[in-house]
Amino acid sequence: MYKRVLLKLSGEALASTDGIFDHEVLDDLARQVKTIVDDGVEVAIVVGGGNFIRGKMAEELGIDRMQVDNMGMLGTVINSLAIQGALEKVGVETRVQTAIDMVKVAEPYIPRRAIRHLEKGRVVVFGAGIGSAFFSTDTTAALRASEIKADVILMAKNGVDGVYNADPNIDFSAVKYDSLSYMQVLQEQLKVMDSTATSMCMENDIDLIVFNMNEKDNIIKVTRGETIGTIVSLGG
Ligand code: UDP
C-alpha cells in the first residue's frame with residue numbers, strides 16, 4: 001500500500017507505568033516494524049521524548065525553556081537508541097541520525113544519506129527533533145516526512161484510536177472522524193498535532209493517519225491499507 005512511511009511515536013508510548021521503558025512495548029514495536037520491512041515498506045521513525053521531559057515543564061521546574069527543550073531533545077536520542085537496540089535484536093538493520101551532532105553514538109542527520117539507507121531496506125530513526133528549541137517532535141515528523149518524501153505519516157497514539165470532535169475521555173458523546181482535512185483541524189482546533197506541524201503537513205500535502213498503537217498489530221494493519229483510525233489530508 002505504501003512504499004515509504006514515517007512512523008511517529010510519542011515517548012510516552014514506550015514507557016511502562018513505573019519506568020522509562022516497557023520492554024514489551026519495544027519488543028512488540030520491533031516485531032511489527034520487522035514485518036512491514038519484510039513486506040517491502042521503507043520505514044523512518046521519529047520518536048518523542050515525553051517519557052523523560054517536555055518543554056512545557058519548564059515553568060514547574062523553574063528552568064529556562066530552552067534548557068528544558070534541549071533536555072527533551074536529548075531524551076528523544078535515548079529513545080531512538082532504545083528503538084535501534086530493539087530492532088537490531090530482531091535482525092532489522094537500523095541507523096539513528098540526530099539533528100544535534102553526537103557522532104560517537106549516531107550519525108548526523110543527512111537527508112540524502114537517510115534516503116539511501118531507506119532504499120537499502122534499513123530503518124532510519126531520527127533523534128533530537130529538528131535540533132532547535134521551541135519545536136516538537138510532531139513538527140519534526142512533518143519536516144522529515146517532507147525531506148525524505150514519505151508517502152504518509154503514521155501517527156501512533158497511546159490509547160486513542162483516531163481524531164474526535166471532543167476529548168473522548170471527558171465527553172462520552174464525542175464522535176470519531178474517519179477522514180478530515182488539515183483546514184478543519186486548524187479551524188476546529190482539533191488536538192491532532194500542534195499547529196506548526198499541521199501547517200507544515202498542509203503546505204507540503206502530506207497525508208497523516210492517526211491510529212491507536214495499543215491495539216494488536218495496528219502498525220502492520222495500517223501499512224497494509226486496512227482502514228483504521230482517522231486519515232487527515234489536504235482535501236479531507
Ligand atoms: N523538542 C525540541 N525541539 C524539537 C523536538 C523536541 O525542543 O525539535 C523538545 C521539546 O521540549 C519537547 C521535547 O523535546 O517537549 C519532547 O518532545 P515531544 O514533546 O514532541 O515528545 P512526545 O510528546 O511526542 O513524547
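Cβ coordinates come from backbone N, Cα and C, glycine included.
According to TrEMBL, the domain 'Aspartate/glutamate/uridylate kinase' annotation covers 3-212.
Per TrEMBL, ATP binding site is recorded for LYS8, LEU9, SER10, GLY11, GLY50, ARG54, ASN158, TYR164, ASP167. Same-chain residues at least 6 positions away in sequence with a Cβ under 8 Å from that of LYS8 (ATP binding site) are, in sequence order, ILE45, VAL46, VAL47, GLY48, THR137, ASP138, ALA141, ILE153, LEU154, MET155, ALA156.
For ILE130 (UMP binding site), other Cβ atoms within 10 Å of its Cβ number 21. If you look up TrEMBL, you'll see GLY49, ASP69, ILE130, GLY131, SER132, ALA133, PHE134, PHE135, SER136, THR137 marked as UMP binding site.
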By Cα-Cα distance, the member of binding-site residues ILE130, SER132, SER136 nearest ASN158 (ATP binding site): SER136
Among LYS8, LEU9, SER10, GLY11, GLY50, ARG54, ASN158, TYR164, ASP167, the record's ATP binders - longest CA distance, Å: 24
Residues GLY49, ASP69, ILE130, GLY131, SER132, ALA133, PHE134, PHE135, SER136, THR137 binding UMP per the record - widest CA separation, whole Å: 14
